[in-house]
Amino acid sequence: MSFDLQKLLRPHILGIKPYSSARDEYSGKDGIFLDANENPYSALTGEAFNRYPDPYQQDIKATLAPIKGVRPGQIFLGNGSDEAIDLLMRAFCRPGIDNILILPPTYGMYEVSAAVNDIAIIRVPLLADFQLQPEKILAAADANSKILFICSPNNPSGNKVNRSDIEFLLKNFPGLVVVDEAYIDFSDEPSFTTDLDSYPNLLVMQTFSKAWGLANLRIGMAFASEDIIRILNLIKPPYNISGLTQQKVLDSLAKADELPRLIQMILENRALLVQELNQLDSVQHIYPSHANFVLVKIKEAKAWYEALIQQQIIVRDRSKVLLCDDCLRITVGTAEENQALLDCMKTIEQSQKISLNL
Ligand SMILES: *Cc1c(COP(=O)(O)O)cnc(C)c1O
């Protein structure tokens, strides 16, 4: 399948002249800066936040590129992955005309972003084991299908998606294929970031929100061909990542060699959590997880959800979601948090506080 980026884009995008910021027109670091209407004094707190940040986050990209095995020009950074999702829809999908494909049950933001942008959604459900139906996906696509969103490891099911299915779709889907790897650091599956040069229609999303522990900063990554990244840079708000966020991300990247230990701790907590949850009579199934959460099939999921809330333990009730009947999604916490959850569940089960029908 030949991939023609120009043809896939909304036609007017190619004619857009980018906003030229003061930092675009002069990017040197030294001098007397009287070009951006900034305040020459520090903020009231004394902190030096008075200057606009680097609009292209070049220091982060230079550090990140070798870690991810890509070139700096293949990286886009957004205000969360959610910004990349929204920008992709605005770049490729004509409101009221084009559509995206999603594979439920999956991450909710694809749908929300499509709705906001008035883009139709074609849904091709996953199988009962949460794997893809590649032929059905191709059959469902039409001439106006612009983006296919594949989430692997998938949220809320936690499984990794068969690599051969993703490769088949990269070769055959007529539009852009987004592989959302928000949870890839918790998986033994290699990332698709190193396959960018083989697939011009591939965009890989990752995030600093999960394994890196920086959800509060709001910063997500997108990796794709330089041509696609140029489009995202063209239409993004100029200063989409604050300078404070950039600094904090750089501080974390400087300690990247400690990340595997942090991840390992969560994986160990996950293994223990799964083992202990399996001891509970109400737990019917725990789906294999390649993420920092587990999907748990449990009798009376909604009653469990509410009973746990009563004890100020908050999990996610997914029981109304396609293929997730009777399921709770439980994020792996600290060893202490997980123990508190398990103690609470044991107590509830023993005291039959809720009707479990055991
Ligand atoms: C958490 C999550 C993200 C991350 O979103 P951010 O906006 O970067 O915090 C992206 N995709 C999926 C599937 C997620 O679960």
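From the backbone N, Cα and C atoms, a Cβ is placed for every residue, glycine too.
Any TrEMBL annotation is an automated prediction that lacks curation.
Pulled from TrEMBL, these are the features on record:
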DOMAIN    39-343  domain 'Aminotransferase class I/classII large'
MOD_RES   Lys210  N6-(pyridoxal phosphate)lysine
DSSP-derived structure type at Lys210 (N6-(pyridoxal phosphate)lysine), helix or strand or else coil: coil
The domain 'Aminotransferase class I/classII large' (39-343) [mean pLDDT, rounded to integer]: 97
